[in-house]
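**Student:** For reference, Swiss-Prot lists these features for the protein:
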- 47-67: transmembrane segment (TRANSMEM)
- 83-103: transmembrane segment (TRANSMEM)
- 109-129: transmembrane segment (TRANSMEM)
- 144-164: transmembrane segment (TRANSMEM)
- 184-204: transmembrane segment (TRANSMEM)
- 217-237: transmembrane segment (TRANSMEM)
- 246-266: transmembrane segment (TRANSMEM)
C-alpha cells in the first residue's frame, strides 16, 4: 500500500506540474509509468485519467470569479457571449478529430519513443518562437477575434500526439496569431476546461469497466496532490512567463526527451 501511495503522490505531482505548462503532461505521465515500472495494469491507466479532474478543478478555482461573471453575462453581455462562442469554436476541432481518430492515435502513437521525439521537436519550436520579435496585438484572452479562436483550436489538435503538449500548442499558436504571452497562456487555461472535461468523460466512459472502489484512497491522494500542485504551478507560471518567456520550458522538454531516448536505447 505504501508503494502505491508513493506512486499516487508522484503521478499527482507530475500531472499537476505539467498539465498547464508547455511540456506535455501526457508525455511525462507515459514516461513516468514506463520508468517507475507501474506495469500495464488497468488501474494505473484509469488512475491517470481520474487525477486529471484535480487539475481541471484547479483552473475552475483560480478563475472562478472571472468565469462566474462570464456565466452570468452569457444572455446579456455581448463580450461574454463572444468569449463563450470563441471557446466552443476553439474546442470543436479537437472534439471532432478526437472522436474520429482518438482510438487510432492511442493505439499507434502512445509510446515512449514518440513522446521523447515530440518533446525534443516541441522544445526546439518553443525556443524558436520565444526568440522571434513578435509584436502582440491582443492582450486580453477573453477578447480575441473569432477566427483567432478557431486557429488556436486547430493548433490544439497537434497535441493529440503525445509529447507535443496541449498548452504548448495553444500558447504557440496564440502568440503567432498576435497574443501576448500572458493572454496566450490564460486562454490556454480556459480552453483546457472543455477540452480536458471532454477527454476525461470520454476516457472515463471507455474505461468504466476498470473503475472500482478498491483503490479509492489511492485515487483520492493522487487527485488532491494534482489539484494543489496545479494551483501553485498556474499562479507561478503566469508571473514567470510574463517576465522571462518560455526558454526554460523549452530546454526542459529537450533535456527530458533526450534523457528518455538514451534510457530507451539502453533498454531501460
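Cβ coordinates come from backbone N, Cα and C, glycine included.
The model shown is predicted, which means the values in this text are computed figures rather than measured ones.
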**Student:** Take the transmembrane segment (109-129) and find every residue of the same chain, 6 or more past its ends, with a Cβ under 8 Å from one of its Cβ atoms.
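**Tutor:** Non-local partners: 22-24, 26-27, 30-31, 34, 160-165, 168, 172, 175-176, 246-247, 249-254, 256-258, 260-261, 264.
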**Student:** Same chain, outside the transmembrane segment (184-204) by at least 6, Cβ under 8 Å from its Cβ: which residues?
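**Tutor:** Hits for the transmembrane segment (184-204): 19-20, 49-50, 52-53, 55-56, 59-60, 62-63, 87-88, 90-91, 94-95, 98, 102, 141-142, 144, 152-153, 156, 166-167, 170-172, 174-175, 211, 234, 237-238, 241.
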